[in-house]
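Pulled these features from Swiss-Prot for this protein:
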type	residues	note
COMPBIAS	114-125	compositional bias 'Gly residues'
DOMAIN	163-284	domain 'MI 1'
DOMAIN	326-449	domain 'MI 2'
MOD_RES	Met1	N-acetylmethionine
MOD_RES	Ser25	phosphoserine
MOD_RES	Ser67	phosphoserine
MOD_RES	Ser68	phosphoserine
MOD_RES	Ser71	phosphoserine
MOD_RES	Ser76	phosphoserine
MOD_RES	Ser78	phosphoserine
MOD_RES	Ser94	phosphoserine
MOD_RES	Tyr152	phosphotyrosine
MOD_RES	Ser313	phosphoserine
MOD_RES	Ser317	phosphoserine
MOD_RES	Ser457	phosphoserine
REGION	1-30	region 'Disordered'
REGION	58-128	region 'Disordered'
MOTIF	58-64	motif 'Nuclear localization signal'
MOTIF	448-454	motif 'Nuclear localization signal'
Amino acid sequence: MDVENEQILNVNPTDPDNLSDSLFSGDEENAGTEEIKNEINGNWISASTINEARINAKAKRRLRKNSSRDSGRGDSVSDNGSEAVRSGVAVPTSPKGRLLDRRSRSGKGRGLPKKGGAGGKGVWGTPGQVYDVEEVDVKDPNYDDDQENCVYETVVLPLDETAFEKTLTPIIQEYFEHGDTNEVAEMLRDLNLGEMKSGVPVLAVSLALEGKASHREMTSKLLSDLCGTVMSTNDVEKSFDKLLKDLPELALDTPRAPQLVGQFIARAVGDGILCNTYIDSYKGTVDCVQARAALDKATVLLSMSKGGKRKDSVWGSGGGQQPVNHLVKEIDMLLKEYLLSGDMSEAEHCLKELEVPHFHHELVYEAIVMVLESTGESAFKMMLDLLKSLWKSSTITIDQMKRGYERIYNEIPDINLDVPHSYSVLERFVEECFQAGIISKQLRDLCPSRGRKRFVSEGDGGRLKPESY
């Protein structure tokens with residue numbers, strides 16, 4: 001407070017001669033008995049005193065404002081304000097001292113980039129500037145001969161057995177989805193397989209044994225394309241040796257593993273990635289029953305191929321790669337075999353083996369056609385049970401079921417030419433399917449029906465017309 005009062009007196013000095021005009025003179029302060037002579041408008045405070053009080057209050061506000069603004073910069077008035085006021089020099093924090101100050105008034109810039117050299121902030125030199133290759137100075141005290149002509153190369157550590165299986169399993173599973181052997185070859189080149197190259201066919205065949213026929217066909221193509229680029233024929237032979245050795249364990253998860261491995265061996269010999277004498281080298285030296293069964297299967301297939309059968313047909317073409325005519329024949333044979341054996345689970349298994357879920361409407365269509373063409377009740381009942389089983393197991397979806405019925409509805413006029421009672425049989429079969437929950441009410445109502453023709457002698461209601469003559 002003493003500093004502030006001292007600043008107020010120095011900034012706004014008052015005349016000592018006019019002290020008598022203030023609120024209290026020196027005598028009144030000591031004695032307190034002398035009256036004030038100057039009275040204006042009935043007030044006991046002089047006009048000059050009021051003006052001085054206003055000036056002092058304004059100076060205080062200005063000083064307090066400047067002090068709070070510059071408190072963060074270490075140049076507050078509390079530190080050096082008293083010396084500046086005594087010396088009569090305007091402090092930098094005062095308005096007069098800040099006129100030539102180029103710093104921001106608000107403590108922030110205008111948002112413009114700083115000039116960090118040519119080009120401004122965040123710019124690497126002037127536009128068009130070309131950087132030369134840094135040359136090593138031989139006379140530099142820190143010069144090292146090893147710094148010249150250095151070639152850097154990424155070193156990939158070889159995979160161990162655990163990392164090998166964890167890395168290659170997703171690659172092969174993705175290959176079963178896209179079927180691009182070149183992509184698999186590029187990914188394997190980026191890995192340092194080392195001595196684990198022979199493990200690639202072992203892992204691929206092991207995964208294919210648990211998959212479908214199309215997966216096994218894709219695995220055979222993959223082995224044929226990788227041989228010579230990623231692995232050699234010796235690696236392929238080592239891999240099949242390990243497969244024959246591990247057959248007892250593989251047969252626990254896949255009972256058909258010996259026959260399937262034999263087919264892989266026959267296909268590999270046919271593709272030229274295994275030598276023709278590979279099977280002969282095992283004659284008389286195999287004690288394992290599963291390995292002997294695999295070699296016998298391969299021998300039979302190779303002997304059949306010599307008679308003219310292509311080795312490419314070991315697995316067949318599965319999935320959507322099969323022609324439509326072939327699929328129609330397979331479904332027709334499937335239904336006829338089911339009518340003879342009555343084995344519903346085998347029919348469902350054969351349908352899944354075709355791997356054509358987008359073509360299941362053909363089975364619905366062919367099944368209903370067989371019902372319309374049959375003369376007994378056995379086909380009617382068996383086909384109804386088959387469709388009901390396939391529907392409950394979600395083997396045939398609602399879209400495929402609907403499409404099969406719609407095909408029958410559209411072709412029933414042509415079918416009726418060969419089967420006169422097809423309309424009545426179809427109405428009965430559709431009603432039974434609706435009662436079993438196979439089709440919806442909307443699909444049932446779409447079933448076409450042909451009304452019975454009235455004879456000329458029949459009137460309305462089936463009565464005979466009276467004679468008009």
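Here the Cβ of each residue, glycine as well, is placed from N, Cα and C on the backbone.
What does the local environment look like for each feature on the list?
Averaged across the domain 'MI 1' (163-284), pLDDT for the predicted model comes to 90.
Taking H, G and I as helix, E and B as strand and the rest as coil, DSSP gives the domain 'MI 2' (326-449) the counts 98 helix, 0 strand, 26 coil.
Under the three-state DSSP scheme, Tyr152 (phosphotyrosine) falls in the coil class.
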Residue counts in helix (H, G, I), strand (E, B) and coil for the domain 'MI 1' (163-284), per DSSP?
91 helix, 2 strand, 29 coil
Starting from the Cβ of Tyr152 (phosphotyrosine), draw a 10 Å sphere and report how many other Cβ atoms land inside it.
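Counting Cβ neighbours of Tyr152 (phosphotyrosine) within 10 Å gives 5.
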